[in-house]
Amino acid sequence: MRNSLYKKNIISINDLQRNELELVLNKSAMLKKTPQPNLLKNKVIASCFFEASTRTRLSFETAIYRLGASIVGFSDGNNISLEKKGETLTDTISVISSYVDAIIIRHPQEGSARLAAEFSNKKPIFNAGDGANQHPTQTLLDLFTIQETQNRLTQLNIAIVGDLKYGRTVHSLTQALAKFKHNKFYFISPDALKMPNYINNMLDKKEIYWKRHNNIEEIISEIDILYMTRIQKERLDSTEYANAKSKFVLRAAILKNARNNMKILHPLPRIDEIDRDVDYTPYAWYFKQAANGIYARQAILSLVLIEKHL
């Protein structure tokens, strides 16, 4: 099979075709079943986190080590030349690219990953999150988890709850699932944090069903995937936040009418939008979802850095 991902920048989930997504998911499953500890031996990968991260950074680093590659970089953007000495992002990337085979970047500025790709001397860039814009590798692990639990990525009813305006994970996930046939979307959020129009317009253009709902109870019996996200306190005034906090919290009692196959996902961190008692239900899948990040990131790293795969 031709590997069209070889040397490709992974900036946005929209840059990947459906067949490329399927290639990554198949490779993820293979690596989960059969580890390949020397697949990226002698490769050096830079991990450049200009913004704080725990799960994404550690997941990437674990994936790199388990493939036999080496890693260099930083996890605190405040202590590098760009901040201390006023060096530009583009100069930083240009220099780092001369040391390594690929660069992973997280940056608070939207569009920063695509800008970095213009100055990386053709070394592949992996976007680990650029502001409220995109988070493609999170989407890959989300798709992998959905496929594992539902045995398909088509004909799914997906509810997405929480901060749909600023949540980069929900934008990427909706765009990715829109590439697969006959999926339906249910959006549940405060009015101030509803899904951006460009996402809704994209679904309309593709004639994909979507609808806004006021609470989780309305749709719990209809859905296959419940994708929860946290509502950030700083996004709302105190009254709106208090209302949202009570209205958009998932409690175990709400799950009594859920389908047997339904699974709850969350990009984490979870604050108080999922009660702890939900953790003990068969629907809770967010910690297994996080663990799948290693395999999805191993898959995309190896496909981009190695042309031929068995």
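For all residues, glycine too, the Cβ spot is worked out from N, Cα and C.
Among the features that Swiss-Prot reports, carbamoyl phosphate binding site is placed at R55, T56, R106, H135, Q138, L268, P269. Swiss-Prot lists K85, R168, R230 with the feature L-aspartate binding site.
Distribution of Swiss-Prot features across the structure.
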residue : record                           : contacts (Cβ under 8 Å, 6+ apart)
R55     : carbamoyl phosphate binding site : L268, P269, A290, G293
T56     : carbamoyl phosphate binding site : R106, A128, G129, H135, T137, Q138, G293
R168    : L-aspartate binding site         : G129, D130, G131, A132, N133, Q134, H135
R230    : L-aspartate binding site         : G162, D163, P269, R270, I271, E273
Determine, from DSSP, whether R106 (carbamoyl phosphate binding site) sits in helix, strand or coil.
strand
Cβ within 8 angstroms of the Cβ centroid of R55, T56, R106, H135, Q138, L268, P269: which residues besides those meet this for the carbamoyl phosphate site?
S53, T54, S59, A128, G129, T169, P267
Please report the number of other Cβ atoms within 10 Å of the Cβ of H135 (carbamoyl phosphate binding site).
26
For R168 (L-aspartate binding site), which DSSP three-state class applies?
helix
DSSP three-state call for H135 (carbamoyl phosphate binding site): helix, strand or coil?
coil
